[in-house]
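Encoded as structure tokens, the structure appears first; notes follow it.
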């Protein structure tokens, strides 16, 4: 009997089929059929993923080569999949959460015409397909294929409502910012080929320790440029908040749970490289910390429910990079998983609110929704508690693991990380209080239509809420119970080479207890502050001033980029066009004109045009040649 | 076998009103014959046709079908039926002459790719060029006369330099135009440099290489779209082909020595054309400049060579031809329907023409080298080859600077898609209809070709493997 490993291709194959069916037959499919194809294919992938996961858990892993993709000289890049602990875990997250979001979408997108409904599901399937390629590939090129693929799907889905110019601009921005990062990724691949002659993970990490430190740092930094694009880190983060133009389930799937974690996956996959390149790893740590803080400050002042969550995503991704930078690879992957649970939950919850409020997204016009939307309310609250890091919910465990690693590296990182965590708690409960507590502040019409969402939307919310609540128990720190960290054991084969090189400082248990307790107490204080300020929020017409205004305007980073990058590029283009018109072309025409002048003097001797003379001559020669050829024959 | 195609092409010059059908039929026959030729004759038993031609000059009618010829002949015979079918609804006065000239040009192109004799090569080079000159000046846009004169003078000048170079080589090689004799030549560095300059100039104008490009956007803009498609899809490859067949192997030392100079021009050209493309409002000029940038990368990969890079150039010659043909067909469909090519006049077409939009988006993605499209393979291998090239010290700088065009390409392409297809409709596009079936079929064929080559490039890569290695061996490179 063949091993389940040999069927790994089925995992991306199902969504591909879904994409093709929904994409090509979109004129003839009914909405329910589209929904069944769209969600069913993901469910099928999920089932195969679970089987693969069981196989990996029982100690097997392997590579399956499908066909030879590109080869030149000694370098061969096969189209191959690698199933191991890291990829099988990501498979579960992608297909599992992906399925819930597909299910949710069947109800959320119901108002669309059947044509666009099918278009939506085909894009969503294509996205899952690309993401699966990204994590399954056994070399960097296949990862890159998926990498660009998810960027493309993100572009298509952000601009899904393409009649709106603002939306399609946001889509374009996302694609271009991702492309900037992609260039870094590509150059890293080329560098690897030039130095090692291979891009297959197994071979690369076998040979990589032979490279000099300079090459290691360059490759690591180039890869990280790619990661900053996809995972929305400084300086390439500004596309992600704008990406909220897409339908809300898309925000949940792509811009929170899966695509943005691609950068984390990439670095976790290359963990040995970063362990060997400490300079690059420090850069990761610095950028991660800076992003976590910057995004958290912006989130404090946003009034769009999705924008708050978007900046919170950017900030949480920063935490994952702190983990990677501090060498806590397991902690980063752990946070990817728990974040996927609670951020998908929060976004879907927000979608449920937006659905009920008839596309209202401004939390200043909400309030008091807890009575009308009970399921949404409860699940959303669990999400908020999880992300704020209240024990024993999942976010507590994963964030704690990252912060502990940061402390071991240097207490400065720890303090900054805690500051970010406190801001997280504040803006999340500001959001919660303004949305669900106090008086309703919308129009009467909106109030009249308030209703809980259908089951297809609330079931995923409940499942995700349960996962957000208990997901943390997969990674119980040694502090509570020795050897209870299941995830660490599961992922150990992936990180073993790095672990052998690392010498983390052990933190005394007493210190750890103190830190954990202290942070939790502070978080609770901050939550109560947010509660007291915003639970009875009333609309004001006052404009923010000073720092508040700067935060509302996101530190003016978009404006800065516009002035420093976009405008100069366009101006340079205009300049070159002038050069083209009046410089090079004039020169060429000038030469032509002087020749013409000379020929005019000669022309006095002749009657016709020089051009036609030349032509006739050439044609004559050609005819001569041809005739001669046929005569000879 | 191949002269038969040439004969077919010539025959149709005299055909009457049903010329369009006949022309289409002829190109299909060429396609079938070529396909047979490629599949039957496998390397190393190349298909060879050798016959004495101009005895007095010791020039022979020598055709040979090696890997690169196969690839480019395939491109030629695929492109022409698609061009004719994809622009079926265009009507031209004196259509028999229009299509006759087009076929003449096809015969010339095939001859160029097959010739193993320098004089024969020159003859077909001109045969491919001159019909297009007439096509543009007779059926082109408003400014066609000055523009085509410029085009003609420019390219003809290049041809003259090439002819001079070939004649010098002829005398050096003991009165022989044979390619094999050229390869045996031993020349001093100065002689090589002279030949290098003469031939390079001809090919640089043809491709075109910055700063010899100014004829190109004007000509592309003013020519009727089928002609533009021939010019950019196939004709531009004549220049790159020339580099790989007649320049690098014949004067390898000079190519190696002066490679960096040309590569620098190529990188400047790539960036320059991409920046200028950002500012274009005319669809044809936009595609024209993006083409200069793409060809620039091929030139770069030839002059900062490595096995990966040369192989990338090979496959990219084919892919670029297919992709840009798709772009021209879309431009043609838009121009036929709305009577304008100005991006600022259009908008919102996606609502009215979903099929066109879908097909265009895929072609445009191929144009910016998305993975799993054909252009990704070529660009990946070329950039990889340039960065890792052992022939130059500046491989990394070239790859990084050239790599910026990957980003700029996305900027101008997506901007075009957004302004033409997305957003709300305006007065002009409110009553737009989707493209006709023939365009849909043509574009669908192109899309299939894009994806097949992009997912499984091996058959095409293996076609030219041996030849690429030989070219590098000539330059003493690995």
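Positions of Cβ are set from backbone N, Cα and C atoms, glycine also.
Here TrEMBL gives transmembrane segment for one range in the set A:274-296, A:481-503: that range is A:274-296. Between the stretches A:70-87, A:340-357, TrEMBL puts its transmembrane segment entry on A:340-357.
Here TrEMBL gives transmembrane segment for one range in the set A:216-238, A:538-560: that range is A:216-238.
When Cβ-Cβ distances below 8 Å are used as the criterion, the transmembrane segment (A:274-296) is approached by residues 208-209, 213, 216-217, 219-221, 224, 228, 232-234, 237, 267, 311-312, 314-327, 406, 409, 413, 416-417, 419-420, 423-424, 427, 497-498, 501-502, 555 of the same chain, each at least six residues removed from its ends.
For the transmembrane segment (A:454-480), the partner stretch with the most Cβ pairs below 8 Å, chosen from A:7-26, A:340-357, A:412-433, A:513-531, is A:340-357. Long-range Cβ contacts of the transmembrane segment (A:378-397) within its own chain (Cβ-Cβ under 8 Å, at least 6 residues beyond either end) map to 312, 316, 334, 338-339, 341-343, 345-346, 349-350, 353, 421, 424-425, 428-429, 431-432, 435-436, 458, 461-462, 464-465, 467-473, 475-477, 519-520, 523-524, 527.
The residues of the domain 'NADH-Ubiquinone oxidoreductase (complex I) chain 5 N-terminal' (A:69-121), classed with DSSP into helix (H, G, I), strand (E, B) and coil, number 32 helix, 13 strand, 8 coil. Model confidence over the domain 'NADH-Ubiquinone oxidoreductase (complex I) chain 5 N-terminal' (A:69-121) is summarised by a mean pLDDT of 89.
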